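Worksheet: one structure, shown below.
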Amino acid sequence: MSDLFSFNKEKKNKLVDNNYSAKDIEVLEGLEPVRKRPGMYIGGTDSNAMHHLVSEVLDNAMDEAVAGFASIITITMHHDHSITIFDNGRGIPIDNHPKFPDKSALEVILTTLHSGGKFSNNVYHTAGGLHGVGISVVNALSKHLEIKVYKQGKLYSQSYSKGEKLTDLICEEASKRLRGTSINFTPDPEIFSEKLHFNPKKIYELARSKAYLYRGVTIEWACEVEVQSDIPKKALISFPNGLKDYLSSKITLDNLVIPGIFAGNIESKSDRIKLEWAICWQNNDSSAFVQSYCNTVPTPQGGTHEQGLKSAILRGLKAYGEMIGNKKAANLTIEDILETASVVLSIFIAEPSFQGQTKEKLVSNGVSKPVENIIKDHFDHFLSSDKALATNLLEHVISIAEFRISKKNEKNISRKNATQKLRLPGKLADCTRTSPEGTELFIVEGDSAGGSAKQARNRETQAVLPLWGKVLNVASSTLEKIVNNQAIQDLEIALACGSLKNYKKENLRYEKIIIMTDADVDGAHIASLLMTFFFLRMPKLVEEGHLYLAKPPLYRLTQSNKTYYAGDEEEKAKLMDKLLKASKAKIEVGRFKGLGEMMPAQLKETTMHPEKRSLLKVTLADFQNVDKIVDDLMGKKPEKRFQFIYEQALVKMDKIISELDI
């Protein structure tokens, strides 16, 4: 290691004698740069990057549809893990290119970066794609790619491998009714891991989102791959109501603050923009999200179009509050308004500018103001058309703002007035006992589970805190994020014992802190995040034995009017075997989707009653190294998690081998 920092005479001579000349300049031709540095073009070589290839080909097909040249797109996932995407548009040009007279335009597009029809407004007024490098990048990173173009009764086809041409352009006779472009490709395992394959669910959801974004297209879906999910083998995907249909499928309509969805679909020729949006507000943030798109391309990091929408909504609600004389509206922030909102925004513009090759953020100038003006006009009309609706919405977001302000100002909260001052979503349902001895706080996720738990509890000794907001991974977050996270703030205020060096055992308001999450994988994930919080922010609380995990059942088994419960698949199998040995009567098996699905009586009997439940006490054998252990498992470095999993797998494998009777 020290040799790295030594500077001896020999090395000095090498530096002096070393000739840095033209021959040292490496020139990568054609698609070589893509294969050598794929991360520069698709953001990496992981599963997300590999799925960018599908997005690019699908974006090209959608461009044909949005331009009015295609109405049908087919997506087929094959047994061999390749994928075919077809659109019935004009078909990629096959005549020779003026700049490259010995090559067809098709070959130029597939083998040359920054080529295509998207650079000319005469061809596409709006277009997506990876800055014009997309289809050539797909070709470069594919083990095999076959393209077929149907034009004027002819079929033109050509094959490629790793960006290199395998065959010349072949022309055959075809039906004159056929037209369009078909691309079949398989990602190159030399670039991506051999274990990586396309995820049918991810691609199906991508196809649905594209169909929502453009009402004039029908996507024909076919999946030959065996999947263990609710993804259909075949489907016709079409949504005549666009984003309104999309939002309706994502939310619970009976949980809305105000009835209906604020939606619009406007084309402004003066601003050269086509805009569609759909927004609703729910009573909690369980389905809160903001999704935006530009020219059907998702922009997960937002951008100027999102800025315009947010300004419109904020200005609109503040103006309405001022109009009706509600001075509290002046304190609103956009975070208050979007806290429980579900938002989808889509725009079509000419020559969009994105940040980065993978287009995750729109940075086009001149977009924010037109979007703001259009949505503001419609939002003002939406609010003024129904006074009761507008007032309910305003009061809802003001209550969120007041909660935010109160959390900032409050430092000491007693049990007596905790519920009133905290204004926790779903309310902190506190116990009536004033001393902490014998009391329990159940931490649950969301109002649904919280509602069942509140009815099932013993009101004297058991309190229920539904966490409102996303549970943060404390191990990989900055101090600023931790301090500002809503769920963590709610929890620290309810416990009242302080954290880190400020932890005071005597101020802890409950004897037992019980994490009660769903019995499935998602519930285990939330529980692990909460344990991470306690290990890193309140290690003394864990060391003193206050932290527990509840064990709710995952399955309900009914036989001959008797009900039994099982916590997991293994326990269910053993229980069924036992029941069938005792009786041949039919067993009905039900799976709980979550705590909120359980009746209060069931939740009390299985999970909350002190004499009938099972609790797991959370502890660590090595408290001195807790920071390192948690950082290895929950921190920013995935290689440490991989090492842990690998070591545990070896232990498990050794055990299995030792038990084999060979």
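Using N, Cα and C of the backbone, Cβ positions are placed for all residues, glycine too.
Residues or ranges marked as ATP binding site in Swiss-Prot: TYR20, ASN60, ASP87, GLY129, LEU130, HIS131, GLY132, VAL133, GLY134, ILE135, LYS359. Residues or ranges marked as Mg(2+) 1 binding site in Swiss-Prot (evidence: sequence analysis): GLU445, ASP518. Taken from Swiss-Prot, the feature Mg(2+) 2 binding site covers ASP518, ASP520, and the record attributes it to sequence analysis. Residues or ranges marked as domain 'Toprim' in Swiss-Prot (evidence: sequence analysis): 439-553. Annotation source Swiss-Prot lists site 'Interaction with DNA' at LYS470, ASN473, HIS525, ARG641, citing sequence analysis.
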Protein Cβ atoms within 10 Å of LYS359 (ATP binding site), excluding its own: 27
Listed in sequence order, residues with CB under 8 A of ASN473 (site 'Interaction with DNA') and six or more positions away: LEU529, THR532, MET634
PLDDT averaged over the residues of the domain 'Toprim' (439-553): 85
DSSP residue counts for the domain 'Toprim' (439-553), split into helix, strand and coil: 58 helix, 20 strand, 37 coil
Spatial neighbours of ASP87 (ATP binding site) that are distant in sequence (at least 6 apart) but have CB under 8 A: ASN60, ALA61, GLU64, ALA65, ALA70, ILE72, ILE73, THR74, GLY180, THR181
GLU445 (Mg(2+) 1 binding site) to HIS525 (site 'Interaction with DNA') - Cα separation in whole Å: 12
Spatial neighbour of GLY134 (ATP binding site) that is closest, considering only the recorded positions ASP518, ASP520, HIS525 and their CA atoms: HIS525
Residue among recorded positions ASP518, ASP520, HIS525 with Cα closest to the Cα of LYS359 (ATP binding site): HIS525
All-chain count of other Cβ atoms within 10 Å of HIS525 (site 'Interaction with DNA'): 14
